[in-house]
Amino acid sequence: MTFPNINPIIFSIGPLAVSWYSLSYVVGILLGWFYANKIIEKFKPQITKKNLEDFITYAVIGIIVGGRLGFVLLYNPSRYFSNPIDILKTYEGGMSFHGGALGVIIAAYLFCRKYKINFLSLTDIIAPVVPIGLFLGRIANFINGELYGRITNSSFGMIFPNSDLMPRHPSQLYEAFFEGLVLFCILAYATFKHKTLKKYGLNSGIFLIFYALFRIAIEIFREPDIQIGFILDSLTMGQILSVPMLLLGSYLICQSNPK
């Protein structure tokens, strides 16, 4: 397969450059906000549209700060400790989903404590929305030619411009499909068909379990981060960080209570 060599920069005006990567965050947040509002309109949960509007600022800060610090601390601490100013260069890429997820969880906790809202009631609204951002983010990773997969002889192999010119799995597209499209459909089906919002924590648990399973499986095709490599000979950082999500998701489903 031929890699579609797309310019990572959409357009630039003087020193200001707009990239597909940054656009994926903006569009993901806007589409997520729209979709969450539709869910609130239909099911009338404890969370109101006004609550959601107020939470957006918390969520954006949680995503950016958590995602960036997660990448810095978990994937490449030596580089950023040597050059702390590089931490601010988010336009170069380098965001961790697990860090971003933790950032949003902390933001949601602080928001719920301030406004006296049930924490799981908020995360159950967030869960069906997240796959939208995951899909767009992985497509942006693909356009950037980063986070590509392992070497393969299969017909799916692509030669990425920033790699060693060996055909590799387009693992970004695998993640976009499973963690984005498939997970979105699973949660939409659960939310609208099985009315999972009637039980605190059920949507959150479903998201955590399926994301973790998809991530663990797709990491088999994804090249480990060069600065980390394999852990315990065969595991990747993404797989290890997904195990707590799997356990927490199982707990939330088992403990989910009717509202």
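Cβ coordinates are placed from backbone N, Cα and C, and glycine is handled just like the others.
Quick look at what Swiss-Prot annotates:
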- 9-29: transmembrane segment (TRANSMEM)
- 55-75: transmembrane segment (TRANSMEM)
- 92-112: transmembrane segment (TRANSMEM)
- 117-137: transmembrane segment (TRANSMEM)
- 172-192: transmembrane segment (TRANSMEM)
- 201-221: transmembrane segment (TRANSMEM)
- 228-248: transmembrane segment (TRANSMEM)
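Note on the transmembrane segment (172-192): residues 39, 42-43, 127-128, 131-132, 134-136, 138-139, 141-142, 146-149, 202-203, 206-207, 210-211, 214-215, 217-218, 221-222 of its chain, located 6 or more positions outside it, place their CB under 8 angstroms from a CB of the stretch. With a threshold of 8 Å between CB atoms, the same-chain residues lying at least 6 positions outside the transmembrane segment (201-221) that come near it are 120, 123-128, 130, 134, 149-150, 152, 169, 171, 174-175, 178-179, 182-183, 186-187, 190-191, 236, 238-239, 242-243, 245-246, 248-253, 255-257. Remote same-chain partners of the transmembrane segment (9-29), defined as residues 6 or more beyond its termini with a Cβ less than 8 Å from a stretch Cβ, comprise 56, 59-60, 63-64, 90-91, 93, 132-133, 136-137, 139-141, 143-144. Long-range contacts of the transmembrane segment (228-248) within the same chain, counting only residues at least 6 positions beyond its ends with a Cβ under 8 Å from a Cβ of the stretch, are 74-75, 98, 101, 205, 208-209, 211-213, 215-216, 219, 222.
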